[in-house]
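The active site, nucleophile feature in TrEMBL is assigned to D91. Per TrEMBL, the feature substrate binding site maps to Y146. If you look up TrEMBL, you'll see 184-286 marked as domain 'Pseudouridine synthase I TruA alpha/beta'. What TrEMBL lists as region 'Disordered' is 1-23, 349-375.
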Amino acid sequence: EENGHQNKRLKSDADEEDAEDQNKKLPKRKIVLLMAYSGKGYHGMQRNVGSSQFKTIEDDLVSALVQSGCIPENHGEDMKKMSFQRCARTDKGVSAAGQIVSLKVRLIDDILEKINSHLPSHIRILGLKRVTGGFNSKNKCDARTYSYMLPTFAFAHKDHDVQEELYRLDRETLERVNKLLACYKGTHNFHNFTSQKGPRDPSAKRYIMEMYCGEPFVREKVEFAVIQVKGQSFMMHQIRKMIGLVIAIVKGYAAESIMERSWGEEKVDVPKAPGLGLVLEKVHFEKYNRRFGNDGLHEPLEWTEEEEKIAVFKEQYIYPTIINTEREEKSMANWLNTLPIHDFNSSAVDMQTNNKDSKKSSDLEGSDGCGDDSD
């Protein structure tokens, strides 16, 4: 009997070695993977090779790619060897429902099932498509759509004493929120909505295609709403600051005129809304699809068949995480308490004098990033 067990063990080891040998013979192909993940507990998407202290989504992804036999182990150490490129760099705590990564892999049998079997349940590969050899998911992306889920009491006027669970957003306030969000559409200089970019830096100009707040809904007794924003690309903290400024105006801390001022050359103190609630929804490849999507060799990078899986993942992992974390940690309520510290009327000269105050306020907000495509 012992010999029988030993033989079985030897046979399974030999089978695994055979499978690995077969994998090595497979040619490498350029593909894209459609990813969804809950970002809580991670220091963003991008892997920092050599820094194991801050765990990222890509750490878990690369480990699963190696374990499933899609890529050799040394490609995990040097990601350039597999031509790896993420479409968007999401930051600490930020989730994604439609992230895209491009890379070269061995197209093994049951590839998605095998990769997912080595991933935690809050990270899923939902789809795979073959792409052209020179495809780069970041460079070929025309636009990105993010959503931001927030409790609607964030829009209650500062002079009104509101109970968070009882607050409901009225039609008039929602219309005002949408009027302000629509002002961001078009091309503007967003140097005040990120750090380390001067007013004359050409890359501070960004093009926003749409931005609006949807109908509110109640979860766990608290009313929430979701803001959608689609733009060509976003800088670090840009979306959170765009939303933070609208909240400050609606609450009555800042005048509407601050929005026009913020696109000018002077330095404006723009508050940064919490990172919780920000989700990378979708990335768009319209130009690539027009050129290669119907060439008979490649599929268009659209994910209609995966939409149901995306919706299920959001309901299971993304929305509950945002709602429960908000209830437990009160990130929005705590951030709203920092708004009075901001000086929305100061000029550039005042800003330099009051630099220490704004440093204090940014410390209160927390310095970890948001999920935008930083340069």
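Each residue, glycine too, has its Cβ placed from N, Cα and C.
Just so you know, TrEMBL annotations are computer predictions that nobody has curated.
Looking at Y146 (substrate binding site) and D91 (active site, nucleophile), their Cα atoms lie 13 Å from each other. Helix, strand and coil counts under DSSP for the domain 'Pseudouridine synthase I TruA alpha/beta' (184-286) come to 25 helix, 33 strand, 45 coil. Per-residue pLDDT, averaged across the domain 'Pseudouridine synthase I TruA alpha/beta' (184-286), gives 95.
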